Every structure is written in C-alpha cells, then in structure tokens.
C-alpha cells in the first residue's frame, strides 16, 4: 500500500456547478395553531400543497379570496418533529456529504418563526434537532479538538496531533484564568429532550469537526452574538462582509466556536439568544428586532494510509455550511403600536425585507421566459447586508429552502403579500451544486481495519523468564505441549543447571536449540504476516459486504420511514378530516340556530307589519273623519264667501244701472241739439261670468238684508242664454270689438248678419262710408277680483254727420268705457 505523497492526488474541485441543471427554491408553509376557540381562521388548507385565504364581505358586500401552492403545507396539527424531518433532515444529509444549504423563516410578527427555528427545552426546533442529528451521526468519527482552526479567511488550517494538544493546553490555561467564559446553566433551566436520529450513510474514512457562529443584522449592521464580551456590555463594533477566494460571502472576524456535542452547541445558542435584541410590542411580547443568522459549518479531512492521522494538506479539506436565518417579522406601525426607537427598528426591518423581495423578484424576472430584454437587470444585493451576505447562495453555491409562517387570525391584507412572496420565491431557480467524493487513491475502509487490529491484536514474540525459583520450577516440556497446538517453536530446551553452563558441550547444545527456536520464530513471524494480510483482505471484503448490507438496510429503513411518514400523513389527514367534519357539524348547528332565529325574527316582523296595518287603518279612519269635517267647514266658508261676493256683484250691478241711466239722460239731452243725430236707447248686457259673480251691497258699512237679495239671486240663478231680439237681420252694423276677443258664454249677445268688424275707430269715414246706421261696441276686461267680464253697448239710429260724427263717437266711447 502506497502513501499519499508517492502518487499524484486525484482530488478534483469540491463543488461542481452544472451549467444546465437548476433547482427551484423549495418553499414550505406552516400555519400557527389558533390559541382561542373564539377566534376565526381566514385560512383553509385545500391539500398538502395548496392553501386558500379569504376575507369576510366588506361594507359593500365584496369578499376576496386567494389560493396559493407550495412544496408542502404544515397544518396547525403538525409537530416540530414532522417539520424538521421534511425541512431540515435532508439538509443535514447534504451537509455531511459536503453540500451547503440555506433556510429562511419568513412571516409577519407573531407568526411562529422563532419557535419553529429554536423551539424550547421540551420541544426543540430546527436548530437543536440539527445538533442532535449531526453529533449522533459523527460521534465515532470526530477529529481531536483544535485539529482544525479558522484561518480568518473563511477557511480552516489543519494541525498535527502535537499542535492540537498544545492548543488544548493553552485553552485550558485561558479557561482557568477566565472562568466566566464558560457558559453556566441557570437554576431555572431544565434538561432538554434530545432528538434521537442518526444518519448511517456517511463517509467513514474522514475526520469531522463542527463549528458554529451566531450573528444578527440590526439597523443594517452585522453584530457577533458569540463575541467575548461581558454580560450587559453593548456591542459597538460591527462586522464587515467579505468575499473569499472561492466567491463565497462571509462575515469577516466572526467568532467561530468548535463544539463536540449537542449540549455544548445548545449552550452557545442560548448564550447568543440572551444577547439578541428583542422588545415587546402590541402584537408580540418577545418580538425580534433584528435578523439572526445561525451557521453550522462541518469541516472534513481524509485519513492517511494508516487510518490514524489526518492529512494536513488544505486542498483535501472540505467545508460545508448550513445557515439558519430567522428573519424579523414585518409589522405595521398602526397595528403594532410602535413609537420612537421601536418604530425606527420596524422601518429598518421592513426595508431589508423589501430589498429581499426585490432581489428575488428581479432574479425571477431575469429567469422568466417572458423577459425579452437582451441584458438582465442587475440585482441589488449590496443594498442590504442580509442579501449581500447570501449573494453566493442565490448565485448557486448551495440549495435554498424557505419556510413561510402565517397566523390564521391575521388580516387578509397582511397575509396576501406574504403568501404572494412565498409563491413567487418558489418559481426562482438556482444552480444545482453536486458535492464530489474525494478520491485520493487510498484504500476505503482503512479506519475500520485499524479499529479491528487495535481490538484483536496478536503478539508476535512470547517472552520467557528463565529465572524461576526452585520451588516454582516449571515443566517446560508440559508447557511446550500446551502451546504446541498453537505455536511450535522447535525442539525443547535442555534441562540445565547453573553449573552446567560452564560445560562447553551442554552450552553448545543450548545455543543450537536457541538458534533452532530463533529460526522457527522467524518462520512463524513470516507466516503470521502472511496470514494477517490474508485476514486483512478478508476483513476488507467483509467490510465491503457489510457496507453493502448496511446500505440495503438503510434503504429498507428509508422505505420503512417513508411508509411511516405516509401513515402519519394519512393519520393527520384523517385527523384533519375529523376536525373538518366536527367544524361542519358546528357550522350546521350554528346554521340551524341561525335559521330558527331568523324564523322568529320573521314572525316578529310579520306581527309588526300586521300591527302597522291596523294602525294604518285606524289612522286612515281618523283622517277620513277629519277630512269630512274639514270639507263641511270649507263648504260653509265657501257659502259665506259666495254670499259676500254675490252682494258685491249686486252692488256693482246697481252702480252700472245708475251709469246707464246717466248715459241715457245724456243721450236724450243730445236729441235737442239741432242738426245732430238722436239717441234712442243704450243697453248693456253682462256676460255670464259677470252675472254669476255675486258681490255684497254695502249700505253705510252694513251688509244688505238677506231677504232683500232673494229676488236678485233667484233672477241670476235661473238665467238662460238667448239672442237679442233687437237686431234686425237686414240692418247693417258697425261691430267694434277687441283685436283678440276672449270667448265667453254671455247672454243677450246679438247676432249680426250684415256687419263690418273693426278693432280701432280712429276715423269717421270708417263709419260713414259703409252705409251703416247702427253701432255695436264690445269691451272685455277683468273686475277687481281678476274675473274676466264683457260689456256690450249698442247705439241705434245714428245719423253720421260729417261735422259732429267723430266728436260724438269719441264722447260715447269715453262715457261707455
């Protein structure tokens, strides 16, 4: 078997990124359990991969819904163990094979991110279970402490066993001088419950060491939570982010602690959590005010040909890491009721989360087939320390998984962007990295061979003590017979005394026997070496067969675990269906009660409507009575007003008669004028409307007696329409009427067959040239109350003299009007 230095190494690159192969970001969703039965959930699990949210109808009666799909949905009944087995356990297997991974826990404040990542003493989270699985798997293959030490450039130096012992002694001295560095368990802390699980298929010819680091990103600055500071000291010095020679981003100068068991790692985790910045808000009593990144780094180096020492060449060292990121929850200032410093912290948290969304969105758009741009948009990783630190993961240095935590009692507007971001992140693809096994030309299984030899080591020389007391003399012949079946060392030694050694012959016999024994021993040694080599080769064959059988057992165990998981899933599904059935029954009972309540309300409404109808009828009857009384009152008032108007019309009629008598006297007086025309009769007729209007007759401020008005009322009440008999159909008339007469049903209206109608009388020729001897004047107007009335004047046997015709006509017109 050759040593490492005598042949060229066949070690290739530790990671090989396939150009075409890409894997999407696996996004999981976990629903936080509802604490109170009075709270209603706005989330419905449709299947193992689909979730649906809805909001109740608003004031306008509009309700909104949304359905999203993920890699897997963890319902409120899924335990921490189930979440770890599906989300974290595959990443631990990748970590021990040399592949890096990243887990994000994203959600709003109070959705259960920190509980899922860290858990508690009784029910550990993803971080604590990672410790248990890693150390359960490598407990027989761990390197000596201080064999690997960080080189401050994101790599590790490998030291020999002597250097490791020296560093261990120095660390022991420092711990003695500074006992406060060691973490102490508080009295109130209880022993945590470990997670018993072990990964069987790991490389056994390498040595493993585990290093952890814990940082937080607060106000876009990176602080080390495991830094050597006294309790209560404020960390002022922030760390910077750099890029190593392989293109991986790391926190420069961060404190990386080497741990040898899960309890030690958990104590460092607890120490960092005590320094993490938290504060109470209205939504969460222990709200994280910063993003925390817990990193587990596993360093692997192969053993040499002897299977004892570690090869100290750094190019053979493989470093893989698992970053567990607990993102601070996004929150609204109005709902969280944050002010002052807490409001500033919330602003920085939302800003960094927004930059993370922006980076993933641009990465998705650059990968999308609908992107028609020739040049991909630059991704702003450096805008935030969070995205800058994990830039290498987004560019293909490891796999990425995201856990979306949601609170089912949150509002629709808060859950919608979180679920949309998770679904969009599931469409982003990163390059697939395949870790390659280190092939340096050494025989596999060399660690096992050394372990077997150390247990079953066969001595090559049997030492004998010739100085034996006489009382304890040993029978060498019987002893040779005893070992003869196992080892035949030649002829027996001669029985000699001390004095016999002086005899040359006997001394020569002893020398000859010893030479024969030495020769026989050399033959047995060669035979032993040959047989040991044969046994070793057989052991290697048995080990390979054992490894194959163990792999088969592991595959069967994996199948068994898969079947167990399926059984658990079916149990969970049945439990979910039972809960859903119970929920539907409760809803049915609620709907029945609601139906009964609505029926009772409907009956009450019907009774109210009946009562309203009865009240309406009573009101109708009451108002009908009032209307009848009001009509009677108005009728009496109208009759009184009618009598008053009738008396007024009677007075006006008497006045008109007086005027007509006065005109008659004037006309009769004009007959005595020589050479002029004679006036015969001036008559006046009233229209039906003027006759029907009754005006009271006032005598010295007193109304006339009702008995005196009875004849006039009787006369006016029984008037009938008739034509005037004073109009001869053969006579020629001058009819003088308004331009637009108002049609009225008048009485005593003459019927003029031969007439000339005029609207204006301005010249005497209009009368004299027509051969007419009779004149009729019609006037229309309104009385004091605005009631239309018409007046008709007739002048009979008029001699139209040229000298006085126009003057007399104007005089008559003025008198009549």
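Backbone N, Cα and C atoms are what each Cβ position is placed from, and that goes for glycine too.
Annotation for residue 113 (ATP binding site): spatial neighbours 105, 106, 107, 288, 326, 327, 329, 403, 405, criterion Cβ-Cβ under 8 Å with sequence separation of six or more. Among the features that TrEMBL reports, ATP binding site is placed at 107, 108, 109, 110, 111, 112, 113, 114.
Sequence annotations record features per position, and here TrEMBL assigns coiled coil to 539-608.
As annotated by TrEMBL, domain 'Kinesin motor' applies to 24-428.
TrEMBL lists 693-713 with the feature region 'Disordered'.
The most crowded of the binding-site residues listed here (109, 111, 114) is 111, judged by how many other CB atoms sit within 10 Å of its own CB. Put plainly, the binding-site residues 107, 112 were compared by Cβ crowding within 10 Å, and the winner is 107. Same-chain neighbours of the ATP site beyond 107, 108, 109, 110, 111, 112, 113, 114, judged by a C-beta within 8 angstroms of the site's C-beta center, are, in sequence order, 32, 284, 329, 405, 407.
Around the Cβ of residue 110 (ATP binding site), a 10 Å sphere holds 22 further Cβ atoms from the protein chains shown. Over the domain 'Kinesin motor' (24-428), the average per-residue pLDDT in this prediction is 85.
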